[in-house]
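Only one structure is covered here, and it is reproduced in the block below.
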């Protein structure tokens, strides 16, 4: 590591302007300065890979659209990686991670490394190509993509490995080694990061055609030889440290699963010889049993713990930490955007230093900074006071280094003083508190609000009013957002067009969407949501207590990025948010138009949430705001209202002992939103991209009239895992095709899917719909897919009539 006397911390990974020729790197400077002669004991678990202006997203989509070559994509990726590493080095970070960059997802990278490619992709044992890699992630014209689901309790997604007893693993991607060498060529020694072998298997699922009871963990001895090959190459390349991410250690693991960790690292011990080995955990506490297992692993040099969400782990460390080992103390929050309370964190670190030793403690982030926005320096429109309370990934790197310096006796008093002032400002600011909102939300605690009649009676009343056919068809809400739609929205935001011109343009788009659905003969229509940028941001912009960024993008999966709102204060609804657009659409058709809302739990879980009060209090505030909107939609004549809750399960605590409390207030929050509507108003909810089977009873307790739920992307796991004899009572629409793949399903394929659904569920309760919204697709894909979906629904209706 080069010696420096003064460091100016730059936000760059630069701004990568992707063009057909080459990516161009632009550099910036930052206002934080440090004086140092060496790198302090500091570590970053991982950094955002998308770039400050979503450069990776645009490079990927250019490649997917055939507008740029694989070489150009690889050049753009290399420039991003270079900036990430240089940024950390210039900030004085000692342990810089490599192999945390990914074109899509680190779990998919590991699948490629192990050669665990499902047979349907036609891969022959060789290096996994970009074509095969992206086919696994996105599908292709001939085969569907692999399942995608949530990464623990975050809004990030991973591609689920499909493993069976006959799989043959082989070393098929040397990405980890290549990126280590790439950094070394830049003069940087990095810590290669690998998904640990046990977590990889625990996060996998049985392959198609394999008994669902098959345990992927039984394949542990077959994947370890590949890990040994990777380790040998990394050592030969000059690696001195290696990081294994084993986040499943925070789960409630049984004795067999814990033993798998002991076996794996015992088996790898000889291969790890000569390396310093860090085992990283994150997102929650580890249990006492897992802590004992982890700290007893052979060949391990250090242990990384999330000390933000894993406060109880502190007690385990205080009760005993292995002598001579390193503690990577995750005191800087990698999951939120609030500035660290540096004084409090320093006290924690000083206490830990007394336990593990001065030269054995390393200041770190609680998890990868992948889950935060990139750099607040790019935010010029944020309220100055609110901005002073925040720290994005670039600023969190600064915080880590500042704490490491302070711990070593080189405290930057001015920096700590500025931080303390911001903490005090946030606690006392009138922007944070609204007493009326606090009082209304407090009154909900201990209540049990719900609709007055049961779902069966409500469905009867609704059917008399709506007169829908059996197997009614609908979509989930959004329609493709064309370049023109996005341009008009952007021009209106920039005040380049008038409100009248904007409304007319949106009205024209809505009319096009409504007419298309009528032509396709869909039963319950949507207005397509052309006026919406994001399903959470759109509502947050119209609620009090929210702040918004211009470039606060966070990767959700692949090229899909979201810009989470920041909930900094009490939440209320100043005026109606969607009534105008829904009423406008309803006036264009005699068929029912769904009012489209995002539910309170999803708004909460997909935002950066204030951490100065319990989450349920904020959720109740949002629920009351959405309740006002639901009742205004009903009064405006909207008879079908969808309240999306795709993030319900995402917020489920990782530890079982904490789950009932969360589900109690989350389900109650949903019921609050619609507890006052008439029986004839049909309430829908939608869920996607999580494993909902273990909370299915809580979903039923939400008491919605119709539940549409992702099913195809997860390989119809919902249907196969429903408890025997379970009765939903409500209508249910398991998704019949995956909207996150460009592939167009045939009507024959969809006929079979619907037939399989009505074998499991009562046919008079089944709805037919896609997995999710259509925002990211093109009309050339949407129109034939929906046409085939409607044709398949009609065919099955006909078959049901014949069988009556």
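Positions of Cβ are set from backbone N, Cα and C atoms, glycine also.
Summarising the annotation, TrEMBL assigns domain 'Cobalamin-independent methionine synthase MetE N-terminal' to 42-354. Along the domain 'Cobalamin-independent methionine synthase MetE N-terminal' (42-354), the predicted structure has mean pLDDT 96.
According to TrEMBL, the 5-methyltetrahydropteroyltri-L-glutamate binding site annotation covers 57, 155, 560, 561, 606. Neighbours of residue 57 (5-methyltetrahydropteroyltri-L-glutamate binding site), defined as other CB atoms within 10 A of its CB across all chains, total 18.
According to TrEMBL, the domain 'Cobalamin-independent methionine synthase MetE C-terminal/archaeal' annotation covers 471-794.
A 10 Å cutoff on Cβ-Cβ distances gives residue 478 (L-homocysteine binding site) a total of 22 other Cβ atoms nearby, all chains included. Summarising the annotation, TrEMBL assigns L-homocysteine binding site to 476, 477, 478, 644.
Around residue 477 (L-homocysteine binding site), the C-beta neighbours below 8 angstroms that are at least 6 residues distant in the chain are 526, 529, 535, 594, 596, 642, 644, 686, 773. Positions annotated as L-methionine binding site by TrEMBL: 476, 477, 478, 529, 644.
Annotation comment: TrEMBL describes 686, 688, 697, 701, 710, 772 as Zn(2+) binding site. Residue 772 (Zn(2+) binding site) counts 28 other C-beta atoms within 10 Å of its own C-beta, drawing on all protein chains shown.
For 740, the entry in TrEMBL reads active site, proton donor.
Within the group of binding-site residues (476, 561), the Cβ with the highest number of other Cβ atoms inside 10 Å belongs to 476. The recorded positions shown are 476, 697, 701, 710, 740; of these, the one with its CA atom nearest the CA of residue 561 (5-methyltetrahydropteroyltri-L-glutamate binding site) is 740. Ranked by Cα separation from residue 478 (L-homocysteine binding site), the binding-site residues 560, 701, 772 are led by 772. Put simply, of the binding-site residues 476, 560, 606, the one whose Cα is nearest the Cα of residue 772 (Zn(2+) binding site) is 476. Cβ neighbours within 10 Å of residue 740 (active site, proton donor), excluding its own Cβ and spanning all shown chains: 24. Considering only the recorded positions 155, 476, 560, 740, residue 701 (Zn(2+) binding site) has 476 as its nearest partner by CA-CA distance. Residue pairs drawn from 57, 155, 560, 561, 606, the listed 5-methyltetrahydropteroyltri-L-glutamate binders, are separated by up to 20 Å at the Cα level. The shortest Cα-Cα distance between residue 57 (5-methyltetrahydropteroyltri-L-glutamate binding site) and any of the recorded positions 476, 688, 697, 740 is the one to 740.
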